Every structure is written in structure tokens, then in C-alpha cells.
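Novice: Here it is, the structure in full.
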Amino acid sequence: MKTARGFFKPLAIGAPAPWRELPARVERMIHFVPPHLEKVRAKVGEIAPTVDVILANLEDAIPADAKGAALAGTIALSREVDFAALGVGLWVRINCLNSPWHLDEVATLVEKAGDRIDVIMVPKVEGPWDIFYIDQLLASLEAKHGVTRPILLHAILETAEGVMNVEQIAGASPRMQGISLGPADLAASRAMKTTRVGGGHPGYRVIEDPHADGSPRVSVQQDLWHYTFAKMVDACAAHGIKPFYGPFGAIDDPVACEQQFRNAFLMGCAGAWSLHPSQIAIAKQVFSPDPTEVAFAKRILEAMPDGSGVAMIDGKMQDDATWKQAKVMVDCARQIAAKDAEYAALYGF
Ligand SMILES: CC(C)(COP(=O)(O)OP(=O)(O)OC[C@H]1O[C@@H](n2cnc3c(N)ncnc32)[C@H](O)[C@@H]1OP(=O)(O)O)[C@@H](O)C(=O)NCCC(=O)NCCSC(=O)C[C@H](O)C(=O)O
Ligand SMILES: [Mg+2]
């Protein structure tokens, strides 16, 4: 690992100084776009004002013979829409580091759109060495092409080895912006016997003991992802970066999508991926704190102006710890309100 002093030094002569704090950005939904499809790309200008992040996807779901077209489409997209003016992030998911495509992708992206791309999402990150590699590569390319703002990195947690090393991944570079759970690849990596992209499974349950009278036993579906989530959220929080839920593949089941997103939100995630336009509104609603909760959190902050002591509000004890929770909630709401007039009104900011 780098020394403390070395951690924030640029990795190449002429590369921009690494971020010391993550830029404050609202990232409730990362909306995936297949950039090789002109028809879909043409709609991005219309969709962009309704999302926090547009992600041009170059990896899975893009056919092998369309990888070049997807890269060209990404560069075109970065020029066709002024994402910065809209306050919308532009992210790109590159192909994985053991693929034949990632090197040309990173080189082209930095050369042709280095000052417009906010975050590069790296799939199937196995350990900190993957981040060290891409960190160095980006620094060299940024220096070469005069990019003045470092491109951030987002890792997808989607292999058993990656889960094992998630803490080191989260702290591998000041470029680390966050980590998403990739449940489909992770399921395959673990040899889980499922065919879904995220969500629960009706077979994964706990069941009550047999009744003496032989009456039916209640069983309840459990969360397949809880362990991984908790590990990922703690690793991200400890390193000051953001955890995200990834994809929910059942586009036809908005109720389960909302539940999956809500579980992630309550566990500390900042956002989730939207794969289809119908998932944008779900993510927006779930990852914007409930106005009633925000109003209650504001009351806690008002009751304890210096954040210490004890207070009773509506029969509930408040102290320094609930004050901190309230502050998380109000800070999140304030950040959203600064971007989103609809929520500014709902929160009363
Ligand atoms: C999933 C889809 C293939 C569905 O597309 P389609 O069959 O066209 O859906 P609809 O007919 O309902 O579409 C209605 C209209 O909306 C447009 N559309 C669809 N998706 C998008 C989108 N993402 N962005 C913008 N516009 C979109 C359609 O073109 C229709 O338009 P019109 O004909 O004019 O009415 C499709 O949604 C899709 O490709 N989504 C992205 C899929 C993707 O990125 N998958 C990879 C991420 S998940 C993953 O990689 C797993 C993860 O890594 C892990 O391991 O867990
Ligand atoms: Mg994947």
C-alpha cells in the first residue's frame, strides 16, 4: 500500500491532483444506456433531465460485435448532450480488465471525452490490484491529454474474490467514488443456483418448527444479498465512498424492484441502477428520503442545536446518536433539494 503522504500524489507527471473529498453529487439512479443503438441514444437528451446519472454501457448486454459501435456511440453521446449543464453525471461502464476491449476503451474515452466523463465503472473487480492498474493507466492518459479533473472510479462487486477483498478495493485509490453490487455475476461466481438479476428467490426461506397438530408451517422468504450488502456498505462507509445497489432485472415487477431498492436505501446505499425508463421514477422516489422522516429529523436537530444532551419528541428519546442520524437524513435531503425543485418543495427548503 502507498504511504499516507503518497496516497494523494498524482500518479503521472502532469496528471491532475487526486480528489481529496468526493464531489458532492446526487446519484439516486444510474441510468444504463446501450450506446450502440442510435434509436435509444437519440432519446438520451430527453431522459437526461429526469435522472442523476447517465451511464453508457460498453460491457455485458452489448454484443461482442457491437463493442466498437458502443464506444463510438459513447463519444458521440458525450458531445450531443451537455450533461454538466444539466447537473447530470456522465459515467461509462468499460469492459472487464481481462477482456480484449478495455485498453482501447479507456484510451479512447480519456482522449476524446476525458473532460466530460465523471466516473468510469469497472466490472468484476477482484482486488485492489485492479484499481491500482486502472488508476495508473488513467493518470498517464489524463497527463497525456491534458485532462484537468481526475476521472473517478466505481467498482462492481460481482465475484466471490471481490467480496472477499471489498475493504481493500474501497480504499485502493482516492479515485474511488463507490461500489455497486452486481448480483447476476456474483451469483454465477458463487455457483448460486439462480437465473435472476438481483432480487429475492422464493426458495430461500426460513420455516417455523413443525406443529404438534400438523397444521401448516409458516415460512418467510429471506434476503439472499444481506451479507454481501452489509459487507459492501461497511467497506464503503469506512473509506468515505458510496455504496449502490446494482441492477434489478425483472422490469415487469416494479413492486419487487421498489422493495429491493428500499432495502438498499435503508442499509445506507446512495442509489441503484435503472435499466429501463420505468425504473427511473422508482429509484428517484426510494432514494429521496421520505418528506415525513425529513420533517421529523429537522425537529431533532432543532431540539438539540449543539448535537448533545437528551430530548423527548413524540415519546421517542433523542440523543447525540439520533442527532447524527437526523443530520445524515437532513444533509441528504438538502443535497437533493439543491438539485431537484420538486423535492425542495416537499422538504420545505
Ligand atoms: C431491457 C431492455 C432490453 C428492454 O428494452 P425494450 O424491450 O425495448 O423495452 P420496452 O419496449 O419496454 O421499451 C420502451 C421504450 O423505452 C426505450 N428504452 C428501453 N430501455 C431503455 C433505456 N435503458 N434507456 C433509454 N430508453 C430505453 C425503448 O427503446 C422503447 O422506446 P420506443 O420504442 O421509442 O417506445 C432495455 O431496457 C435495455 O437494454 N436496458 C439496459 C440493459 C442493460 O444495460 N443491461 C446491463 C446492465 S445489468 C448487468 O450488467 C448485470 C450486472 O453486471 C450483474 O452482474 O449483476
Ligand atoms: Mg455483471
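Glycine is treated like the rest: Cβ placed from N, Cα and C.
Copied straight from TrEMBL:
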type: DOMAIN; residues: 50-268; note: domain 'HpcH/HpaI aldolase/citrate lyase'
type: BINDING; residues: R93, E158; note: substrate binding site
type: BINDING; residues: E158, D185; note: Mg(2+) binding site
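For each feature listed, report its degree of burial, its nearest neighbours and the pertinent distances within the displayed model.
Specialist: For the domain 'HpcH/HpaI aldolase/citrate lyase' (50-268), the predicted model reports an average pLDDT of 98.
Long-range Cβ contacts of R93 (substrate binding site) within its own chain (separation 6+, distance under 8 Å): F32, L55, A56, N57, L58, E59, I120, M121, P123, I156. The DSSP secondary structure for R93 (substrate binding site) is strand.
Around E158 (substrate binding site), the same-chain residues at least 6 positions away in sequence with a Cβ under 8 Å from its Cβ are P123, K124, L181, G182, P183, A184, D185, L186, S189, G246. E158 (substrate binding site) carries neither a helix nor a strand DSSP state and counts as coil.
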Novice: May I ask which of the binding-site residues R93, E158, D185 have a CB within less than 6 Å of any atom of ligand 1, listed in sequence order?
Specialist: E158, D185
Novice: Enter the number of other CB atoms within 10 angstroms of the CB of D185 (Mg(2+) binding site).
Specialist: 20
Novice: What binding-site residues in R93, E158, D185 place CB under 6 Å from ligand 2?
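Specialist: Close enough to ligand 2 are E158, D185.
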